[in-house]
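Novice: Let me begin by handing over the structure; questions about it come next.
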């Protein structure tokens, strides 16, 4: 194949000899432009992942130390996961992550889709409603956390107000309750993100070819069937994007826990990110913090990589 | 020839370097988190003292007001090799940095100024590393205090509690009168700070030292420690249900307003009373935690001095000298609520609680009953202190239910963190 192509290339290159430097430059220009950011990513993302992994096998305390001392940090985390009664901070963190991640992603997806379908019914005032739902996303988690902290505080917010209005038997102290405090984090998180998910789904809904819907309607499909059999399956790529966005927001939500609960009673609202920060920077146990970070990374990879793989392979087919 | 060129180049680089740093020579770069009104006012005294000697003051900006953010910023600065002249530091952190070899040496100044004699030995444990002075202590806070609203006290007809049981009786009286008996903020360091006092009260000075300064395992799992947790369980019943996550100054405000009778807190709480224009003995009362008279559980703010280049040393020495001068020690601590870090400062400017604090510190220093607070990072390194705070907080909030379990967890956690 090469032998056939060569004369032709020679011919064109001879014809464009004057342009050859420029065309070569054009070939490499994207690479040159991308090189710095690529290098930065390699060093500051992947390089530091490797560095963190290395530190987790050392005895680093306040400052990094580089003498390898074996998997002591992992052994401690293992013990804290499986041999902890009462629950250790690490055990609390990972169970909280499971509860929070599952409910936050699940409720946001369900609520976002529901709102999007309602808004898609060609209602009046959609232009006004859409930004109202979307707006919480413009706030930072810190603001959301502080606002909900005041709202949920039994001495300041909802409970106090209802008591003043005369409903004195009303009782809602989840934010002060070690067993329920993580659900208040879910409430605040869902409030913030479901509008954004709604916008994503709405865009997806608008992208569906109306011909298909009409054809289905002519075939006698009810609205419920229409959505269940046709619309929602066609929104699959949107589900993927929304899931990725929500999952990474769930995993990194450190600020929400701090602003909303300051860690919760006895540290009962911690997520692994809180654990990692506490141990690395406040408790001067950098090795344990690094080990927890690596475990978080591995857990995420174990969930996201197969999911991405299956989704993307399906698309490619 | 080549060698000459090399020297010239090096000289040029050095000159360039000096030029770049020349702005810093007459400047004190200071990293601290004293941003509240009273604290900032207290620091101004130091700034003025230094400006009289021709040194400019430069705060190293730290995003976020708390000490944690400052410590993270400091860690980054030290890792990058750009040391500030000095930084506010607490207890074992100083030793950590000294161990990492980044602290300066102030021994010359210390000898000249006689710090060895005037600074309590307990503080020198943290400001002297390997025979060298690496930090200048600014103040001594003590932790085993009761802060009581006098109006409420009069209303319920209470008197100073001398024993733990009398304290419980007093709290009962307040409860019967419909006042919140105990103002507590539900953050782990506040709960642990109160527990420091309870342990000292329950086990006595010897026991406190063995358990919380020497981390002696026998003491940690002794029956006395169990009894301390039982006492904590008793006192916790007098806290209002809404305490979880409350800041310490909000708890103090409850006492100031008369919503609550008493707070167990370090003497920085006095700063809040003073800022609210309250005077000791007429508006509020300060007693030692019952059963801890004669002993002082302390923590201390220190200015850690970094190993700065020689041309910046003069500014550092000036800062250290000014920090430990009697006039600054007096002026600063009157505002801050704490007591001077040297025992030879006259107490004329201090209010009643301050005078009592100074006398107590002196007595405790001479009697060997001055102990580092474990909750405040002066009893053991941060890893251990935080493990301890975890256990106390979990006990307070019900994740740990019995004192047997608490003791078991405490031993395990401290052993793990060592």
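Cβ atoms are placed via backbone N, Cα and C, with glycine included.
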Novice: Of the ranges A:154-179, A:180-205, which one does TrEMBL list as transmembrane segment?
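Specialist: The range carrying the transmembrane segment annotation in TrEMBL is A:180-205.
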Novice: Would you mind telling me which of A:132-151, A:252-271 TrEMBL tags as transmembrane segment?
Specialist: A:132-151
Novice: Given the ranges A:32-54, A:55-77, which one is assigned the annotation transmembrane segment in TrEMBL?
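Specialist: In TrEMBL, the transmembrane segment feature sits at A:32-54.
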Novice: With the transmembrane segment (A:97-120) as the reference, find which of A:132-151, A:180-205, A:226-251, A:286-309 contributes the most Cβ pairs under 8 Å.
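Specialist: If we count Cβ pairs closer than 8 Å to the transmembrane segment (A:97-120), A:180-205 scores highest.
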